[in-house]
Amino acid sequence: MADADALKRLAAARALDFVTDGMRLGLGTGSTAAHFVDLLGDRVAAGLKVVGVPTSERTRAQALSRGVPIATLDEQPELDLCIDGADEIGPELALIKGGGGALLREKLVASAAREMIVIADQTKHVAMLGQFPLPVEGVDFGIAALQRRLDAAIAAAGCAGPGTLRRTADGAVFRTDQNNVILDYALGRIPDPARLAAALDGVVGVVEHGLFLGLARRALLAGPDGITLLEWNAGA
Ligand SMILES: O=C[C@H](O)[C@H](O)[C@H](O)COP(=O)(O)O
């Protein structure tokens, strides 16, 4: 069976089929999106004309190193397509994102794009979101109070589970590219993602959360037998 990294690269390669000359692209973050940026670099070297808006400093550095022209979201506020990975892909292409801490810029970039395509190995596809801890990005002023408000909002939305302040491998508090902190909520199951997202949106101190609802129109899932295309059109 193909290893997970090979499957991620396979999904990334298929996403290139959706890229055409002149496109303004949102460039995601994470190991799967990194394969896409790498492969996009080859296409750019071969003459493809695109401009990419990176969703993290990591992706920005990678795009530059691969010769992919980049711009900021201020310079390119309207994008044609955003290609990004995900931590979980549930029904209606509802996503959990932010395992790598890039959820805020990822959501801003995906929201600026006419279309978002998710690339992943097929193990990310789940019947119900929640096994992957849900990242919630917040300001670092009064974390304990923020956590209490979050616990209450999450319980009111019919979910439960501990929130843990994210730390780096050496024990320091993890900081996002926007210098915020992340609480990872191990909820186990999220039966109603829209209800939970609405509850989180209303919590003072929350900057953004990792539920991406109604943003992805397609997902390219790579498995041992090839690519499966999932499509969801919220407006249909
Ligand atoms: O913050 C990170 C992003 O949301 C990633 O897209 C997500 O964590 C998936 O990453 P990977 O492709 O490495 O599994």
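First residue shown is number 1, and so on along the chain.
Heads up, the Cβ atoms here are built off N, Cα and C, so glycines get one too.
The active site, proton acceptor annotation in TrEMBL covers GLU106. Packing around GLU106 (active site, proton acceptor) is summarised by its Cβ count: 32 other Cβ atoms lie within 10 angstroms of its Cβ, all protein chains included.
In the three-state DSSP reading, GLY99 (substrate binding site) counts as coil. In sequence order, GLY30, ASP87, PHE132, PRO135, GLY210 are the residues near GLY99 (substrate binding site), counting only same-chain partners six or more apart with C-beta under 8 A. According to TrEMBL, the feature substrate binding site maps to THR29, GLY30, SER31, THR32, ASP84, GLY85, ALA86, ASP87, LYS97, GLY98, GLY99, GLY100, LYS124.
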Alpha-carbon distance [GLU106 (active site, proton acceptor); ASP84 (substrate binding site)] in Å: 8
Under 8 Å by Cβ from ALA86 (substrate binding site), counting only residues of that chain that are 6 or more apart: LEU95, ILE96, LYS97, VAL118, ALA120, LYS124, PHE212, ALA216, ALA219
Shell of the substrate site beyond THR29, GLY30, SER31, THR32, ASP84, GLY85, ALA86, ASP87, LYS97, GLY98, GLY99, GLY100, LYS124, same chain only (C-beta within 8 angstroms of their C-beta centre): GLY28, ALA33, ALA102, GLU106, ALA120
Among THR29, SER31, the one of these binding-site residues whose Cβ has the fewest neighbouring Cβ atoms within 10 Å: SER31
Greatest inter-residue Cα distance in Å for the substrate-binding set THR29, GLY30, SER31, THR32, ASP84, GLY85, ALA86, ASP87, LYS97, GLY98, GLY99, GLY100, LYS124: 16
